[in-house]
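S.K.: Straight out of TrEMBL:
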- 71-98: coiled coil (COILED)
- 564-732: domain 'NACHT' (DOMAIN)
- 1133-1174: repeat 'WD' (REPEAT)
- 1175-1217: repeat 'WD' (REPEAT)
- 1218-1259: repeat 'WD' (REPEAT)
- 1260-1300: repeat 'WD' (REPEAT)
- 1342-1383: repeat 'WD' (REPEAT)
- 1384-1425: repeat 'WD' (REPEAT)
- 1468-1510: repeat 'WD' (REPEAT)
- 1511-1546: repeat 'WD' (REPEAT)
- 1553-1595: repeat 'WD' (REPEAT)
- 1596-1637: repeat 'WD' (REPEAT)
- 1638-1679: repeat 'WD' (REPEAT)
- 1679-1714: repeat 'WD' (REPEAT)
Amino acid sequence: MCTRVYEYAKKHKKLKGGMQNELEQDKFLVEMKALIRLCGDVVEEEVLRKQLEEANGNVSVVIENMVSRFMSENEMKEKDKKKEIENITEKIEKGKREEEKIDIGETKPGINLQGYCSNKKCLAAKGKLLVWINIGFNEISFVSDKASYSCPDCKGLSVALIEKVKFINSEYSIIASDKSTILENKNIYQSTYVINSGLKYKLKAKKIKQHATNVDDLINRSEQAMKSKEIIKLIKELEDSGIKVVNPPKIKEKQRLLEKIENDYNGDFNQAFDIGRFTILCENITNLKTAVAVMKEAEKFNLIVSEDKNFFEAQSKTHYRVHIIKLYAPNDDVYIEMQATLKKFTTLEGHTVIENAKLSHDLYDINRVWKVNDSTNQKETLFKQASDEILTKINDIFCEWIEEKQIQKISDRYKSHLSIGILKPPQLDYKNSSNINHSTPLKLIEFVYQQLCNFIPSTIKGKAIYVTLYEFYKQYIIERHQPASCFDFSLRLQKSKSQQIQQDVTIVQALETYIPLEANNYPYNENENTDQKYISYDCYEHVMKFLELKEDDKKINERHSNKIMIIQGKSGSGKSLFCRHLEDKLWNNYSFDLKRPIPVFISLPKVYNQYNKEKQDDIILQSLPYKNISKHIINEIRNKLSFIFIMDGFDEIFNSYRNNVNNNKYFYDYFNLNQWNANIVITCRSDVLHDDDIKQMLMGINQNNIPKTTTKMMHLWPFTKQQTYSYIEKFASMLKNNKKNSINININNNVDWDLQQYKETLNNYPNLKRMMEQPFLLQIILTVLPSLTKQYDNGSNLSKTQIYEAFHNYWIDLRVQNLINRLAKLKIQINYKKIKSTFYKYCIDLGFEMFIQGKSIAIEEDIQDEENEKICIKLDPKEEEGEKTEAKKNDVKMETEKSITKNVWEKYFNGDSIAKYILKRVESDKYEFLHKSCQEYYAAQKIILDIILWKPNDINNLNNAQFQKQFESNIHKLLINYKLLNEELGIIQFIAERIHDNNAIYINLKSRLFRIIEASKHNSNINIAASNAITILNFARISLNNQNWNNIKIPYAILDHAFLEGTNLQNAYLNQVSFFQAFLNKVNFSNASMTQRHSSRINEVKFSADDLQIVSCSEDKTIRIWDTLSGKQLKLFEGHTDDVRGIEFSNDNSKILSCSWDKTIRLWDTISGKQIQIFEGHNMYVNAAYFLPNDNTKIISCSDDETIRLWDTISGKQIQIFEKHEGYVKQVQFSPDCSKIVSCSWDKTIRLWDIISGKLMQTFEGHLHPVRNVHFSSDGSKIISCCENTVRIWDIISGKQLQIFEDNFNNVNDAKFSSNDSTIILCSNNIIQILDALSGKQIQILEGHSGSINGIHLSSDGSKIVSCSSDKTIRLWDTSSVQKIPFLEGHKDTINHVKFSSDFSKIASCSKDKTIRIWDTLSGKQLQLFEGHTKDVSGIEFSSDSSKMVSFSSNEIIRLWDTISGKQIQIFEGHNKFINAVHFLPNDNTKIISCSADKTIRLWNVFSGEQIQIFEGHSDEINGIHFSHSNSLQIVSFSMDNTIRLWDISGKQIQIFEGHTACINDVKFLPNDHSKILSCSNDNTIRLWDTLSGKQLQLFKGHSDDIDGITFSSDGLKFLSFSKDKTIRIWDISSENQIQILRGHKNKINFAQFTSDGNKIVSCSNDETIRIWDLSKKQVRILEGHSDYVTKIQLSSDDSKLISCSSDRTIRLWGIDNKMGLIKCIWQSGIQSCGLSMKGSIWENVNVFLKITDVNNFDEIIIFFYIVWKILQKVINNFQFLNSNITQNQSQTIKRNEIRSKYKGDHKFFTAINNRIL
């Protein structure tokens, strides 16, 4: 009994674990069970239990209370209430008695026999208990006491004695052998009969069936029965009991009925009972039981209860919660079905309270007709089963078969279609209604999809049903691996993102310490000295603003024009980290709101597959966390969602990407990003892509110079000091927290440093300040700082390479220790050094391999990926047959390439690979180093070690030549010869820094790089190695001057800013070598090979519409097309028979127009090179021809025949002629609106014409010489014109001259507005000048051509200028001056002063850029940078031991510095006007003295910074001070008050010297006699004074202008003076005699001094030269190289070195060999301000044009020039079309035929030279 009750309770989920023991102790168990069965659905169990206990187990009392409540609610009458109580109580008591009986076995529909088991071992037999045996629907016979049936307890055939038979829900008959019982065709739902002993019985039971002859008969019978009085009476009885009976309005339609019969009953209509069905709706369970009780008493209405199925307690097949009773109507011989349920469970239309109740019926109808025809179709079979199950689950919710709490939990997961975005199932693609109706699975799929899209529930049940249906949809229709909704998709993305970040400890750490980055629209320029560079904006805010996103924005993201943000930054600037931060912030703002864009982080190196074109196209799919996502789903997602694709690391795929793309280079198109509703953020290193690459690949610039997509560029800027400190604070805090929590995340946990300790330690290494501006570099500096302090002393000048070396050691040590710890647990010992060495070798090998492969990701082969790829191809067949064919063609190639790639990485992933310990895992099979820069460091180390570890066969017995020979024979095998390093500036920098490394192992690196360059003279197979070597040396700022490098081969080398003065590059192979701002003075380029070129003067150059090509034309009669990026010649057009004077691309670049002195205009096809059309009509030279803008069908031309002509390009016919000019027409231009043309002529006029009528509209007069060129402004409101020496701007309407520029112009050939009209670009002689359009002020000058520049053209965006020259070259200029070398150390403004340290090992310089710098004398490398001054630093001085340095600025501030640490020690404030001089006291570094424009001298204490003494007396600005070196220290000062004053150290004025009549510029004590001083003044005199008397002893006269300074010889017997009169004079101190005067400088002399032996004088001047005067030999050596004023020089004590500084921002160290008489520049540091420096360079057979090869002797040369001069004189005198200064190039344009026709009297000149001209 207990067991049965327990099972019952367990079934209803009312009991908890261990309840069986409790049940045994529960005295009201039976009563409670009865109450639960009766009232458990409306009253909670605890309430029933409490009331039962209160009633002491009296069920009647409890029921009375319950019924009272229910009856009152239903307003039942008191008598009905009492009767109902009695009936229910009686049934409950009966139920109790039934429960108390113990039945064994189970009764089921059909025949059920009850008897005794005869098996003595059976427990039932032992207990003499009756057992039930279910026979089912069958026909049997037995003898009551001789039967043999299976016992349900012991399972033996041991039930021999039958006591009873029970028929349930069947039509049955029973016949006894004695005829005592004969019952046939009975159909009572439950009947029990006693079996008499010894009789034989025949029993028969079959399922209840209708008795109709056909369907119509069945319908008729059902209709009659439903209307019969018997049924009507029954319904009335029910209704009288307050029960609602729903009578169907009509019988089911015959067609639907036939379908149901066919599908449900296999066509047997007699199994259909629901043709006539009544639905009984009850308010509660009591109502329901009453209804059932009433129906079971149907006999009184002449109805028979034939079947009773209670599906309230036992679930039906479909889990509908109903009580079904079939009533047999004898009069109509038909069964009527009565279906009773509670109102809250019914799905009956019009009566249900359930949301979307029809869903269950419709789903049932679909499932009912669904027959799986193919039994082998397992997929459909499973789908059908799942569909049946989902119907059951829905009904479980409808009918509350699951608990309310569980339904609530399900409903809590509900999200509406609007919020999750249900994706359309792929099965419905390309399916019409006909297709769907003929397929039940498709019908179901469409039904579920429509339900999910349209059903918006509001109740708990409705939401639970929606969730259940959605989960079915997700699992069985869309399938688990595919997203079923946009929400699923975004959720998977977010989880994947979280997993990726959590698995990558370095990202976790980086995000934890993230500091907001700053950026700007232009790159940060370390070489720019402007306060504007510090104005920046927050990266994140700027990106959000650009993308039009706000954190609280709820606006729906409709499909719109996508935007692209390009983020550029240096290596380690935080690009990748910012991308992760941006992704994180966007996800935080997303909150799964489909109105917001979804962020997707894409690591391009990880997903880009250069060998698989399909994967390149689907690069977004490769980034998603779904494997084999279907194209359909992707299309659905594209249509429904918007994205922000954060694409990181374009620079890392750049090389392979560039090699793969063809015509379509734009990444947005190439990666099919236009298929997505997405904004793009893409990052790229700023030093990898050229501007043209950026425009083509990242911006997609079109022909109109407009990006295809809205694009913006953002440049990351380095950390400010505040950002750096904020990061350090976070880093220290993280360190502390991790140590506290015992977390090891790759940082040095052994050191517990706080912010202050980090700050103090970093201050000891001042050169780290620059490195700390880059976030990643700052991170690794902080990581290894504790170990750095142990390796390097305070003040050490640490390089980036040394930082990475320390980090490498730390990183490897950490990994090795982890590995050893793991092995120790397995009791395995390993050699620490050996494993560390193995790890190191692995890193450098893999780092170099990645460089060679051009990848930063290494791939471990995985078979599963190949299988997935096959599956993917299966799932997504090609849409077009052509694609399949193409794929087959490429199969072999692709497989080969893939296998090659796999083989490359195979050796790095063998067995238990080291990769797992060293590398960062980014995917299951992909690994990378911690940062790209780490890979670069390892690659650099591999290359370096390969070079320096090479050994010759016998190093001890080799001389240099033998060593070089052996070395040369091995260079081709060196790794440096594998690949150009140009795109890997990080690797170059690491190698370059090793050149200056003090570690002995790198001592030969520099010399071997020079050896490689030298070897390239004889070996063309080492070009790559030589190019890399010279590039590395240049990056290391090694002087390359005075090298004998004839015949070297260094194509593509980067020699930006290179110091090549005096180097011989004759016959060198220099193709594509970059010489940006290089020092090329006196470089010999004779016969050097650079590229293909024109053989004569180039007349014009033009960009193509997309700026990707340049076209040029020349006197050599050819036209050439060049690739803008590489400079390679692409096409050559020949056909003209004379000079080609003008060319132009059509706006679609498909055609080229040219005009020539052969009097023709020609049209060419750009691709084929064929001539399409020729235009003839001009009768003299054609000077210019242009297409009508945006209309290639018309062209305009002008000629020396004084006409302008309009032509039709198709027919070649002339349309219009314009005639008014009275001289050669040299230029013609269309207006921007194409309504007008403007022309200029040698008649000195400019004319404006109406293009349609041909009428002259305006004439512009004012030029005094022939007008050479004219152009419209961009808006067409102004024109600009030029003649030989002026540029003029005119108003187009009034014809008035608006501006004239005529300063310092000579031979202006062209002038035009920039694209925005803000600047003017003109070419004059061999330079290009950029002027401000308003003021005419020169902004920039571009120098480099060695011949006259004939034409210039601007790129469409104005960033580039292409020029052509008579030197036969075309030059491409970048007006933004972006340099290839990422950062050059050096001053950014004029250098004011330069000084040697006391031991001459260091050099200090100060500048207008507000900085002081210390340089290594030997190498020229910058050692220290001192920043702190806020204005120009005017002067510097070392202390006597060089440990300190004092500086002063124009803002009244003096600063004291520690030269080792770079720290500012002290600041001295007190002067109230600018300071002119500061000095340490002689032999006393504890005090400094200063003088100022505030008329005072002040003495300061170095340690305290306090003012010790003030010297007052001067009445005007004090220019300087000087010390005596006698026993008693005296100070002499000189001032603008024309006086000199002598002071003692106490501040007392000892003497005043008066006599000078103007400002005094210098005063010095005599070296050998401190009782005398010498002074010089602006009164042009020098005076000698006695310090004791104050009297003037001597007067030295001779200078004609201000004397700026005086210097003594070492013996003190002579002195020199230098003056603004450009002379240096040498005087005898004793006699007043001028010994010698030195003339030669062409400008003011800034300084001069004797050499130590007094035989030479060194001077510098504003004429940009340094001169060394040999007084004994009367010779002078001129040192050229500086490109601006040389402001200061200083000789070393042994005269072997000379340091100079200049306004060109550079410092030069010169080596002087007095014995050999050799002087050369050893090194130069800084960034020159003037651009390319080419003074004295030789370009014979390279760029120089003038070659008179036909003149055989000197006499003919004289005749030649005489004739030319005579001709020019006639032209000038008679026609005044030239001035007297005509260049060689212009003379060349005077052709023989033209001269003959105009100057017939001079034919004898031509006879004399016999065709010698030209």
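For all residues, glycine too, the Cβ spot is worked out from N, Cα and C.
A quick note: this is a predicted structure, and the numbers were derived from the prediction, not measured.
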S.K.: Would you mind splitting the repeat 'WD' (1511-1546) into helix, strand and coil residue counts from DSSP?
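M.R.: Reading the DSSP string over the repeat 'WD' (1511-1546) gives 0 helix, 20 strand, 16 coil.
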S.K.: Would you mind listing the long-range same-chain contacts of the repeat 'WD' (1218-1259), meaning Cβ under 8 Å and 6+ residues beyond its ends?
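M.R.: That would be 1180-1181, 1183-1184, 1186, 1188-1191, 1196-1200, 1202-1206, 1265-1272, 1274-1276, 1279, 1281, 1283, 1290, 1292, 1295, 1777.
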S.K.: What are the DSSP helix, strand and coil residue counts for the repeat 'WD' (1175-1217)?
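M.R.: Going through the repeat 'WD' (1175-1217) residue by residue, I get 0 helix, 28 strand, 15 coil.
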S.K.: Considering only Cβ pairs within less than 8 angstroms, which of the stretches 1175-1217, 1384-1425, 1553-1595 has the most against the repeat 'WD' (1679-1714)?
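M.R.: Checked against 1175-1217, 1384-1425, 1553-1595; highest Cβ contact count belongs to 1384-1425.
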S.K.: Hey, which bits of the same chain come close to the repeat 'WD' (1596-1637), Cβ under 8 Å, at least six residues off its ends?
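M.R.: Residues 1558, 1561-1562, 1564, 1566-1569, 1574-1578, 1580-1584, 1643-1650, 1652-1654, 1657, 1659, 1661, 1669, 1671 contact the repeat 'WD' (1596-1637) from elsewhere in the chain.
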S.K.: Under the DSSP assignment, what numbers of helix, strand and coil residues are found in the repeat 'WD' (1596-1637)?
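M.R.: Its residues divide into 0 helix, 24 strand, 18 coil.
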S.K.: So what's the average pLDDT for the repeat 'WD' (1260-1300)?
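M.R.: Summing pLDDT over the repeat 'WD' (1260-1300) and dividing by its length gives 91.
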S.K.: Can you break down the repeat 'WD' (1384-1425) into helix, strand and coil residue counts using DSSP?
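M.R.: Residue counts in helix, strand and coil order: 0 helix, 22 strand, 20 coil.
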S.K.: Count the residues of the repeat 'WD' (1133-1174) that DSSP assigns to helix (H, G, I), to strand (E, B) and to coil, and report the three numbers in that order.
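M.R.: Summed by class, the stretch gives 0 helix, 24 strand, 18 coil.
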